[in-house]
Amino acid sequence: MDVVNQLQRQFLDYSASLHREGFLDDQFTQLQKLQDENSPDFVVEVASLFFEDCEKLINNMARALEQQGVDFKQVDASVHQLKGSSSSIGAMRVKNVCIAFRSFCEAQNREGCLRCLQQVTHEYSLLKNKLQTLFRLEQQILAAGGSVPAIE
Amino acid sequence: MEVAGEVLQSGSSQELHVLAVDDSYVDRKVIEKLLKISSCKVTAVESGARALQFLGLDGGKGSLGFNGLKVNLIMTDYSMPGMTGYELLKKIKRSSTFREIPVVIMSSENILTRIDSCLEEGAEEFLVKPVKLSDVKRLTKDCVTRGETEGKDGGRVDKRKLEDDNHTSSSSSIPSSPSTTTSFGCGLATSELPLSPMHSSKRAKLRDRD
């Protein structure tokens, strides 16, 4: 039981740090609360969909920004979608970059957009790693026979 | 209203069938979960076109959808490529078969003119994303409540008929309830005409036009 307690504490601490550092906001906690016996992998599934979405949208933005004549409306459309998904999953830092990104799209500022693209790619990678760590901790707790503590 | 709803719902065996429309995978998955937790059957589609197809409004299958389940509530995202949620709303409200189905619009952007247009076209509510479980529970509970009390009351005005010329005087009774609960019919002929107080995401004013 000691191992389980340790892992559970680790999980809670890690989770708290992700919130503290702004990677996740309350929406993520809301999603965790939705997970139940009927859908024990709900959060992991939503996260996977989100990461797929990120990759697709980031590629779209990169391609659009590479064009001679950049179609800022097209870039903005992708950023808008990414902002939506990140908001739905609670990926706060990604969402915040999207907000800034949209302003640059509106201003048709290619340099600004490229900087944001870099930032959003960075934030997405960071978040992906951190969530994978969080999910791994969950798996370890379950494997040790414990249950994943609820986040309050 | 809340109390009455709770009393009636405990005996309900009716499971609402909700059609959710959203082009985002993530949002579809989340709304589906929120609805399942709220004891609803869910059909989630990715576009307005698919929604119309499911309803049979595109000239395809029958009006009950291909699994024969009647749709009691439609929840649609506003910003979608191709057909927006607003356009979908209009098509549904202009259909004699489906105009009675309550339509809720969801949007990540809290834009007053957008909210107004949707409400004017007959949307039940406008929810700002991310949608909360409490919103979904409230919506679906109201739907079930309306379904159960409908038969007992005569003389209710279908607020959507205000767009026609059958405007009656019940619009003059505007209860100012402290809660922002709205009630609406779910697949039945008439619905009440409550107006909740001014709130950015709820029905506001303008029923007195016409």
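Placed from the backbone N, Cα and C atoms, the Cβ positions cover glycine too.
In TrEMBL this protein carries:
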COMPBIAS  B:146-167  compositional bias 'Basic and acidic residues'
COMPBIAS  B:168-183  compositional bias 'Low complexity'
COMPBIAS  B:200-210  compositional bias 'Basic residues'
DOMAIN    B:17-144  domain 'Response regulatory'
MOD_RES   B:ASP77  4-aspartylphosphate
REGION    B:146-210  region 'Disordered'
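DSSP states for the domain 'Response regulatory' (B:17-144), grouped as helix (H, G, I), strand (E, B) and coil, give 51 helix, 24 strand, 53 coil. Taken together, the residues in the domain 'Response regulatory' (B:17-144) have a mean pLDDT of 91 on the 0 to 100 scale. Summarising the environment of the residue listed as '4-aspartylphosphate', the number of other Cβ atoms within 10 Å of its Cβ, over all protein chains shown, is 26.
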